[in-house]
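The transit peptide feature in Swiss-Prot is assigned to 1-54; the stated evidence is a curator's inference. Per Swiss-Prot, the feature region 'Disordered' maps to 55-83. Look at Swiss-Prot and you will find ASN228, MET257, TYR286, HIS322, SER342, ARG343, GLY344, ASP383, GLY384, LEU385, ARG386, GLU422, TYR449 tagged as substrate binding site. Here Swiss-Prot flags HIS426, HIS490 as Zn(2+) binding site. Look at Swiss-Prot and you will find CYS570, CYS573, CYS578 tagged as [4Fe-4S] cluster binding site, backed by similarity to another entry.
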Amino acid sequence: MAASVHCTLMSVVCNNKNHSARPKLPNSSLLPGFDVVVQAAATRFKKETTTTRATLTFDPPTTNSERAKQRKHTIDPSSPDFQPIPSFEECFPKSTKEHKEVVHEESGHVLKVPFRRVHLSGGEPAFDNYDTSGPQNVNAHIGLAKLRKEWIDRREKLGTPRYTQMYYAKQGIITEEMLYCATREKLDPEFVRSEVARGRAIIPSNKKHLELEPMIVGRKFLVKVNANIGNSAVASSIEEEVYKVQWATMWGADTIMDLSTGRHIHETREWILRNSAVPVGTVPIYQALEKVDGIAENLNWEVFRETLIEQAEQGVDYFTIHAGVLLRYIPLTAKRLTGIVSRGGSIHAKWCLAYHKENFAYEHWDDILDICNQYDVALSIGDGLRPGSIYDANDTAQFAELLTQGELTRRAWEKDVQVMNEGPGHVPMHKIPENMQKQLEWCNEAPFYTLGPLTTDIAPGYDHITSAIGAANIGALGTALLCYVTPKEHLGLPNRDDVKAGVIAYKIAAHAADLAKQHPHAQAWDDALSKARFEFRWMDQFALSLDPMTAMSFHDETLPADGAKVAHFCSMCGPKFCSMKITEDIRKYAEENGYGSAEEAIRQGMDAMSEEFNIAKKTISGEQHGEVGGEIYLPESYVKAAQK
C-alpha cells in the first residue's frame, strides 16, 4: 500500500486552499449513539465467529524455559487454549512479589501497589524494584481481578462532565490512579497531579479497563517501554498473542500495543485487555480497514467512528491516530528514499489521494476528542510520515507533521484529553537532538513516544540493537516512552523469544537514560549489582540483573557446578587473572599489614616511593644536580650499577 501511495504522488494537485485554517466542527452528539454502535458491532462479530476453518500447528520450543505450544491459528476464539508462561519465581530467583498499601484520603480506598523485592545475601538489605509483571497464577479464561472497579464507580456517581485524569488534575483532585503512580515512582502525589494537569505526563487508563495497574508516562518519571504485539493475516493466534502480553510484561514492558491485522481482531483484543495489567494501545485504522475488506478508498468517518467507540467500550487505554498526515504534506514524501513507511500513515495518505480530500481524522478531531474524554482514552498522535531510512531522517515531511501534532495536542488539552506525540523512526545519532528539541517546543512538552530510533539501516536481524542505541540517546534527552523494536523488525512477525529480546534491549536503553538523567533509583540499582559483582555474590548478581535466567545460564555454560556460585572468579579470567580478585587481595594485604584500608596502603606506598626517589638524589647527583629532589632521568652508570 505504501508503494502505491508513493507512485501516486506526482498526480497530486498541490494548490490546496485553506488547509492551514482550523476547520469549524459541529458540536458532537455522540453519546446517544454509543449503545447502538456497540450493539451492532457485537452482533457482527458474533456472526463472524460461528464458522470454524483454522487448524492447529505447532513450533518446537526455542528455549528450555518455554515449553508452551506456539499456536499458529485459533480454533475457537470464544475459548482459546491458553498455555502457561514460566512462573515469576522461575524468571526471578531470590525475588518475591510484594505490595505496599497506601490509603486514598478522599475515598478511603486502600491501594495495594506492587513491587519486586530482591532478597540479597551477606547481610545486604533487600533491594526493591519497579514491577510490571501483574497478578500471578491467574486463569486466563477468567482474566485479572477488576482492581479499579470501586474507583471508577465512586467517580461515576459524582456526575462530572468528563472522566479523564487530566480533567481531575486540573480541578486539583488527586485520583486513586495518581496516588498509585506516585507510590510506584516514590514521588509526591501532588507532583504527579501537577504534571498531568500541565499535559507533561499522562496516565493511560480507560475507565473500562478495570484490570489496569496504573502507570505514568512523562519525562520527569522513569523512562517507560512499550511492546508491540498482534497477529497478521498469515501468522499467530489469540493464544500466542496473550502469551506475548504476559511474557513481555514479565520482563518489564510498561505498556502494550495490539497491532493485530489478521483474523479475530476484536476477540484477540478482548482477551488481551482482560489479561493485561498494563495499558493497552491500538491503531484503530487497522480494524477500520478490515471492516471495509482492506480497501482504503472505502474507508469513511462513520466506519472509523464506530471502530473508536467499539474499542473504547472494550477498554483500550490509548489510540494511535495519524491525524497529522495532511493532504498537502503527502507530496513532500515524493523524493524520499523509502516513501511513507507507517502502515497507518499510508492508509490515510491513500484515502486522501483517492478523493483529494483532507484526512478525515484531522477533519473530525473534535469528534474524536469527545469520544476520548468520555472514556479517558489517551491519544498517541501518530507519526505517519516518520522517516523509514537514515537517508530520509529529519526531512520536511517529518517535521511538517510534527508541527501539526503540536496543534492537535493543544486542541486535545482544551477538552481535557491526555496526549502523547509519536516520533521516529530511523535517525542517525547526530540528528537525534533536533527531534527532541522540536518536539518539546512545538508540542508544549507533551510526552514524546519514539520507535527507537534506529541509528543505522545495515543490520537486519539486529535492529533491537541498532534502535536501542537511539532509544538510549533520545531517552536521556527527554523521551518518556520508548517503543521497542525486536530482532524481527523488517523481517517478519516476532515470536515470544523476539518479544523478550526486544523488551530486554529497551529496558537497558530506558535504564541507561534514567542514569543519564541522574534518577536516584537507577543509580542505586547499578550500585547494588556492582557491589554484588565485586564481592563475588554470584546469585545476588543474577537476581539483580534484568534477566536472571540468561545471566545464570551463561555463567553455568562453563562453570555449572554449585561450587562455582561462590568462587572468586569466572571462566573469563580464571582464578589467577581476575582483576576483582586481585583488588580484593590488595585490600586483604593492607588489612593484614596494619595499613587499615586500601587507600591508606596506597598512601603509605606512595610515601615510601617518594622517600626512595629523594634518596636517589643523594647517592647519584649530589650538588651537581641540586640539593633537593631526585632525578627524572637517571645516569647510565647508576642504572648499570643497580643492575649488578
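Glycine is no exception: its Cβ is also placed from the backbone N, Cα and C atoms.
What Swiss-Prot annotates, mapped onto the structure for a quick look.
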residue : record                 : DSSP (3 states)
ASN228  : substrate binding site : strand
TYR286  : substrate binding site : helix
SER342  : substrate binding site : coil
GLY384  : substrate binding site : coil
HIS426  : Zn(2+) binding site    : strand
TYR449  : substrate binding site : strand
HIS490  : Zn(2+) binding site    : coil
Lowest local Cβ density among TYR286, TYR449, which the record lists as binding-site residues, within 10 Å: TYR286
Least Cβ-crowded entry, counting other Cβ within 10 Å, from the binding-site residues listed as ARG386, HIS426, HIS490: HIS490
Substrate site span - longest C-alpha distance across ASN228, MET257, TYR286, HIS322, SER342, ARG343, GLY344, ASP383, GLY384, LEU385, ARG386, GLU422, TYR449, in Å: 20
Integer Cα-Cα distance in angstrom, TYR449 (substrate binding site) to HIS426 (Zn(2+) binding site): 14
Cβ atoms near ASN228 (substrate binding site) (within 10 Å, other residues, all chains): 23
Integer Cα-Cα distance in angstrom, GLY344 (substrate binding site) to HIS490 (Zn(2+) binding site): 16
Pairwise Cα distance for SER342 (substrate binding site)/HIS426 (Zn(2+) binding site) [Å, integer]: 12
Candidates GLY344, GLY384: member of the binding-site residues with the richest Cβ shell (10 Å): GLY384
Spatial separation of ARG386 (substrate binding site) from HIS426 (Zn(2+) binding site) - C-alpha basis, Å: 8
HIS490 (Zn(2+) binding site) and ASN228 (substrate binding site), distance between Cα atoms, whole Å: 14
Pairwise Cα distance for TYR286 (substrate binding site)/HIS490 (Zn(2+) binding site) [Å, integer]: 19
Pairwise CA distance, HIS490 (Zn(2+) binding site) versus GLY384 (substrate binding site), rounded so that it is a whole Å: 17
